[in-house]
Every structure is written in C-alpha cells, then in structure tokens.
Amino acid sequence: MREKIVLAYSGGLDTSIIIPWLKENYSCDVIAMVGDVGQGDDIDAVVAKAHKTGASKVIVKDLREEFLTQYVYPAISTGAVYEHKYLLGTSLARPPIAKAQVEVALAEGATAVSHGCTGKGNDQVRFEHAFQALAPELKIIAPWREWTLKSREDCLDYAEAHGISVAQSREKIHSRDRNLLHVSHEGGELEDPNNAPLDTTWTWTKSPQEAPDRVEEVTIGFEGGVPVSINGMKLEPLALIELLNEIGARNAIGRIDLVENRFVGIKSRGCYETPGGSLLLAAHRELEALCLDRDTLHYKQEVALKWAELVYFGLWFTPLRESLDAFVASTQKNIAGAVKLALYKGNIAVAGRTSPKSLYRPDIASFTMGAGYDQKDAEGFIRILGLPARSRALIENAGKEKVSK
C-alpha cells in the first residue's frame, strides 16, 4: 500500500512543485489540503491545479471563521504586535492551517505531513511545532531542506520542466501570503533594505496619494473586547473584517515596511498591508485606555510583547500561550463601548470614544476643585513617594561634607 502524505497546499510556486517532487522521491500518494483563511483565491481553480499537478485527493477546509474568532480576535484583544509594527498576519494563520492538516492526515490514514516552507524562515517552525504538539507520530517532510533547488529561480525552472503553470516569473519574483488579516510581500527588490517598495509591490491598499482627499470616519463597537459592530450596525466576524478591510484599504491604512528578526536568527525585510486589523487594533487600544486601571493596562502591555513573540516564533500550541490567554480574557470583561476613528491618507486619528464601563470621570479629571478629590491630599502622597529620594540625598550630602572636611 502506497504511503499517504498530506501537503499544506496553496497553489503557489513552492507547493505546486512539491506535489510532483514528493511523488518522485517518496513514491507516495499526495493529499493536498487547502486551508481557506481568506486568501481570496479561486478555490475551484486551486483544487483543479492540485489535481492537474498530481494530487490523488484534494480536501478544502474553510477556516475563515475559526481564523478570525480563535486567532485574530485574541491577538487584537491582547494588543499583540511584533517588533513595534507587525500585526502577525502570517504567524496567526499558520496554527489553524497546521491543525486542519493534522486532522486530515489522521482521518485519511496518512503517515506524514509536508509543507512548502524554506529552511531560513519562521513558517517551518510554526508548522512543525504544531505537528509535534498535535500528532507527534506523524513524519514531517520539508522539501526545502531536502531537495537540490537553491532559489526561487530554480523552482521556476523545475515548474517549467514539469509543465506546471505558476503566477511568478523572474520579473515577478515576490513571495506573497494573503489572508483575511493581511498581505505580506517579500523578495525581489525588497531584499535590499535601502530600496523603497515599488508601487507594484502593494496589491491591496491605495497609496496615500491615491486615497480620498477627505476624512472618512468609522465607529467600531466592542463587547467583551471583541469587535461586534461598525457604525452601529451589528455584523458577523467575517462581514465585519471584510468591511473594515475595504474601508481601511481605500484610505491607505495599514502599510508596514519592516526589517524584522526571524526566530532562526536571520534579519529579513518584509512589507505588509493590514488595513482592517490596523483599525481594530487602534480602536481596541483606545477603549482599553478608558476601561482598564493603570496597573492592569501596564502589565497587559508586557504580556502583549511576550504573546506576540510566542506566536511569531511558532509556539501557539504551548501552555504559556494558553495561560497568557486566560489572563487577557480576564482583562476584557469590561472592554465594551465604541471608538470613532477619523481616517485620512494613511493616518488614523481618534475622533471619540465612549464606554458604559469607562473609568474616566470628567468631574475628577477636570481642574475644578471638589468632586471627591482634595488636592491637599497630594502633599502627603508625594512626601511618602519621595522618601527614598530624600533619604539617599541626605546620605550622599553627609558623605560630601565629610570629604570636604
């Protein structure tokens, strides 16, 4: 009986040539698993291409709702951003795809799983850590670490030799990844960090020059830290993110150019477009500023850094990530209300925020006397706060006097 290998298949250059390569080198049946996380491809065309390339079976998993509610929304609630800029679009999409791939492998009686990630990137860790956490009995095959192909140009030659049609060419050599949260762009002119992205690099958002010459306002409503409405209209998760992506993209929101530190120790340069996610993150931050006490807010910011690092490194299926999620969930109970954002040519400004759970009290915050806050109380507070500083100064001054004598 021939071995069955389940491949995470996208229809791109790498996975398109992996199907015939696996069959040639492992004498196996290849089951192509297509995880739909909102990449916008013609799924029927991707399925047809997998069959044409040699897949014995193609299984499509609609992961869009799961991706949003179980991965993207927790990231927004956490406030997770990697190295100040990256909203983890690709990092968040890999765990649900790998999970679905393992489920298919076990259901189909496969002995191995495979992916198209290079040996230099983060995705190999994200997929393989998930495989080991969920089904350690499955063999892992990583063609990029085995075959003799050394570059994307070599992959193009292999595709041409095997009659495989791909969208990439030597002139269009960018590596792109798209889902409901973002589009990433790597390779080509971007490999030189001193090169500005070409106008043709960006595929989703308008440039600031092309964006409207007027401000557009959008109000995002939250319940329990989760976005639930736009401009007062309740929406299901998929409809909500699609509308925010549309609004953000036409206003040039969410373009990011980043030199980042990969988990494997390599610095890389990528350009990302995250229109709707950027709006969600900005609105959620403003609502937390209203609703969280100082100590919780500040500590949560530390948690967000660690959470982002874990997810970027591919360590989704870990006890620590689950524990951090539990902490974040406890902070989100009172994150309810609405934030109005004003969008203009790539800029996001806050135009208003309101919450029934707000800790902000105008009567206390104002410069007016009274309202339950006696300004004289500040004197004792400041003296106690300054006690260590006064003590240190007295000791240091006493030491200086002895030296001068």
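Cβ atoms here come from the backbone N, Cα and C positions, even for glycine.
Sequence-distant neighbours of SER16 (ATP binding site) (same chain, 6+ apart, CB under 8 A from its CB) are LYS49, THR53, ALA159, ILE164, VAL166. Sequence annotations record features per position, and here Swiss-Prot assigns ATP binding site to ALA8, TYR9, SER10, GLY11, GLY12, LEU13, ASP14, THR15, SER16, GLY116.
Reduced to three states, the DSSP call for SER184 (L-citrulline binding site) is strand. Taking the Cβ of SER184 (L-citrulline binding site) as reference, residues of its chain lying under 8 Å away and at least six apart in sequence are, in sequence order, GLY89, THR90, SER175, ARG176, ASP177, ARG178, GLY270, CYS271, TYR272. Annotated L-citrulline binding site per Swiss-Prot: TYR86, SER91, ASN122, ARG126, SER175, SER184, GLU260, TYR272, in sequence order.
DSSP gives ASN122 (L-citrulline binding site) a coil state; it is part of no helix or strand. Counting only same-chain residues at least 6 apart in sequence, those with a Cβ under 8 Å from the Cβ of ASN122 (L-citrulline binding site) are SER91, ARG262, PHE263, VAL264, TYR312, PHE313, GLY314. Positions annotated as L-aspartate binding site by Swiss-Prot, on the basis of sequence analysis: THR118, ASN122, ASP123.
If you measure from the Cα atom of ARG126 (L-citrulline binding site) to that of ALA8 (ATP binding site), you get 13 Å. Neighbours of THR118 (L-aspartate binding site) among the binding-site residues ALA8, SER10, GLY12, ASP14, TYR86, GLU260, defined as a Cα within 10 Å of its Cα, are ASP14. Look at the binding-site residues SER91, THR118 and count other Cβ atoms within 10 Å of each Cβ; THR118 has the fewest. Listed in sequence order, the residues of the same chain lying 6 or more apart from SER10 (ATP binding site) and placing their CB within less than 8 Å of its CB are VAL34, GLN39, ASP41, VAL46, GLY116.
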